[in-house]
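According to TrEMBL:
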type: TRANSMEM; residues: 29-46; note: transmembrane segment
type: TRANSMEM; residues: 58-74; note: transmembrane segment
type: TRANSMEM; residues: 81-100; note: transmembrane segment
type: TRANSMEM; residues: 106-124; note: transmembrane segment
Amino acid sequence: MSSPQTERRIDRLLAEYERDHRDPTNRRLHYLAVPLIFFCVVALVTELPVPDALKRLPGGWLLFAAIPAAIYYFRRSVSAGLVMVVFTLLCLGVVELLHAYVPVPVWLIALGLFVILWVVQYVGHKIEGRRPSFFKDAQFLLIGPVWVFDKLLRPFGFRY
């Protein structure tokens, strides 16, 4: 284990997020809700109307949101940055599939899911008996997906 002086910032953030998510039920709810909330944000941002000058850009406004987010992730860990860029692209692909095959507006699906998933997280935190981490520091809104992928990929030897 790293000493406190050499511990990386990503490790400290993940450890702090972990401390706020110890209850097994809350953890399972977060494993489901956090990546889907991220997807909903991607979907909602891509659905924002864009001026003609931006219509050629893939994802429209998403590009302007994804670049600062990617910088944030890469500054904490290159592998976290790569995981989140790949996940963002997968989300964008799913948005495109929804446009192609689902007659319901994507923004409506994403907004409905977004609200339901935040209620799910609220229930999880009530069960846990702890406030959400982002009440302490807003960057935990970005750390949540990294934490979920850490849990998913760690059994395969992946480390940030």
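The backbone N, Cα and C atoms fix where each Cβ goes, and this holds for glycine too.
Counting same-chain residues at least six beyond the ends of the transmembrane segment (81-100), those with a Cβ under 8 angstroms from any Cβ of the stretch are 35, 38-39, 42-43, 46, 58-59, 62, 66, 69-70, 73-75, 106, 109, 145-146, 149, 153. Within its own chain, the transmembrane segment (106-124) is flanked in space by residues 23, 25-26, 29-30, 32-34, 36-37, 39-41, 43-44, 46-47, 95, 98-99, 132, which lie at least six positions past its ends and keep a Cβ under 8 Å from the stretch.
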